[in-house]
Amino acid sequence: MGVVDPKTSQNTSKKRIDRRIYAEHFGPTTGDKVRLADTNLWLEVEYDLTSHIDHQPDIDSVNIGEEVKFGGGKVIRDGMGQSQLLGEQVADTIITNALIVDYSGIYKADIAIKEGRISGIGKAGNPDIQPNVTLPIGAATEIIAGEGKILTAGGIDSHIHFIAPQQCETALMSGVTTMLGGGTGPAEGTLATTCTPGAYHIHSMLKATDAIPMNIGFLGKGNVSLPAPIVEQIEAGAIGLKLHEDWGSTPKAIDNCLSVAEEYDVQVAIHTDTLNESGYLDSTLGAFKDRCIHTFHTEGAGGGHAPDILKAIGETNVLPSSTNPTRPFTINTIDEHLDMLMVCHHLSPAIAEDVAFAESRIRKETIAAEDILQDMGAISMMSSDSQAMGRVGEVIIRTWQTADKMKAQRGHLAPDQSAKTEQSLDNIMLSPTDSDSGNDNFRIKRYLAKYTINPAITHGISDEVGSLELGKWADLVLWSPAFFGVKPDLIIKGGLIAAAPMGDPNASISTPQPVHYRSMFGSFPKTVAQTCITFMSSAAIDKGVDRQLGLEKVIKAVHNIRKVRKQDMKFNSYCPQMEVNPETYEVYADGELLTCEPAEHLPMAQRYFLF
């Protein structure tokens, strides 16, 4: 037995089938377009690794007819698409014919998973009888059918208030597989701020989440003017620090926190001073001293210097994000926010100063501008602000609702020069995204990056998660296109299925009602220990914190953080010169007035949640 000669194989069959029939059997291929849920966003398949020799989208090298598919009378059978290779030579799991949607490209491929990581992306099959097989299938291989499905990396929510452990399940079922933030439960400090303060609480939360099927990292409290209290939190296991105005985000605290972060290579996240008590925006920017920092909800109502926190977006060292309560701007956004804000920040409607504080944060002009800044790639990330005004299960939904609203209001989004340069440097293929192509690939990559690769880069975990690339942790989400972004088909953690919609367990098959999301085998404690990651600082790992606490999850260090700049944000690196009129709240980016109308109707909404 030996590898088949591709030249000989090319002559074995010349039968052709209609493109529609092909898509029904194997999913869309190069040039086909797919609608995302009920939005007006259309992706186009850029190339197809399952049916091209040498992985090139060249019409002269097509090898259609060798696709693999599982099922009765289909390809993946002994002696056909399944080889005789031993387990160590084949993948543990193959996802067949999936449409990968990633910042790195929108393309068709088979995906191999081995020991919890993505071990290959290419062409699966039996190398003894099929040409150009890069991912051998054997008796040790499980198959997940990706035909007609979209595959993405698991989402990353980088703004979590750990108020309730049930958030983790809700987030997982929405397609989020990594949660970064702080908290200790429904204490007032956690209800308002994303801090896990001190070694005792950090250790307690690390132990409490050790059996939860989610990658997790905790932020310590950064609001202190001397280094030692910050150092002890980093060495206790924090992945970084959070500065929050409710604890006092003074220039001294900011400078001190960033100085320690520089020494320990961890990230600092900040919620700036809404009341401008300890200084104005320029005071805060000055305290940054050109050091990289993740500015939480750099937008209209999340909190921060009123009314001009949006100006921070123009700084090259600032890595800005939005939270989802203001995403996108709708006719209900303003009315919803006042009560939410009062509860979240322990304010009283009976105290005039508290009401004034809340009202100062809610400005329709800056919320509207936030939509456009997201679409321009000036705001780099999206997150939830879970149970602290944000909805933990709606990061992905709100991201794509914003993208759809911006297409409706701003039209087609063509690649900008920075994105072309970025893709050239990364050897990423640009699809035809001119106004005549009819696809939204560029906009799709821009918005997908906001909750996948960009928060991973920002927090020093992009070696492990954040994209669908060779060698990364197999945190994957499989979607039916009609339900993309709303209800996943499968959530895969570290190569095992952790959650899925499942019917009555007593039924004769898996589909009878009631169908709802249930935990699968990959979410139970002994498997969580191999499929999920706890992130810590290198200093904590060096001190053996994980061993001292008896943690069972995979432990990984955050790293390569302090040199990150806005230009490193994939598809979201625009640094405009920002101006905010202090009287009218009008927002300008590079001299352009940013304004848009609130949406009256949204996709991915009620029709998906009737039952």
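Placed from the backbone N, Cα and C atoms, the Cβ positions cover glycine too.
According to Swiss-Prot, the feature active site, proton donor maps to His345. Taken from Swiss-Prot, the feature Ni(2+) 1 binding site applies to His159, His161, Lys242, Asp385, supported by sequence analysis. Taken from Swiss-Prot, the feature Ni(2+) 2 binding site covers Lys242, His271, His297, and the record attributes it to sequence analysis. For His244, the entry in Swiss-Prot reads substrate binding site. As annotated by Swiss-Prot, domain 'Urease' applies to 154-611. The N6-carboxylysine feature in Swiss-Prot is assigned to Lys242.
Swiss-Prot feature annotations superimposed on the structure.
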{"residue": "His159", "record": "Ni(2+) 1 binding site", "CB count, 10 Å": "32"}
{"residue": "His161", "record": "Ni(2+) 1 binding site", "CB count, 10 Å": "27"}
{"residue": "Lys242", "record": "Ni(2+) 1 binding site", "CB count, 10 Å": "30"}
{"residue": "His244", "record": "substrate binding site", "CB count, 10 Å": "24"}
{"residue": "His271", "record": "Ni(2+) 2 binding site", "CB count, 10 Å": "25"}
{"residue": "His297", "record": "Ni(2+) 2 binding site", "CB count, 10 Å": "27"}
{"residue": "Asp385", "record": "Ni(2+) 1 binding site", "CB count, 10 Å": "29"}
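Lys242 (Ni(2+) 1 binding site) carries a strand DSSP state (E or B).
Secondary structure from DSSP puts His159 (Ni(2+) 1 binding site) in a beta strand. Of all the binding-site residues given, namely His159, His161, Asp385, none has its Cα within 10 Å of the Cα of His271 (Ni(2+) 2 binding site). In the three-state DSSP reading, His271 (Ni(2+) 2 binding site) counts as strand. In terms of Cα distance, the binding-site residues that sit within 10 Å of His297 (Ni(2+) 2 binding site) are His159, Asp385, chosen from His159, His161, Lys242, His244, Asp385.
The residue listed as 'substrate binding site' and His161 (Ni(2+) 1 binding site) have their C-alpha atoms 12 Å apart, to the nearest angstrom. DSSP gives Asp385 (Ni(2+) 1 binding site) a coil state; it is part of no helix or strand.
Apart from Lys242, His271, His297, the residues listed for Ni(2+) 2, the same chain places the Cβ atoms of His159, Thr193, Thr194, Leu243, His244, Ala269, Ile270, Thr272, Thr295, Phe296, Gly302, Gly303, Gly304 within 8 Å of the centroid of those Cβ atoms.
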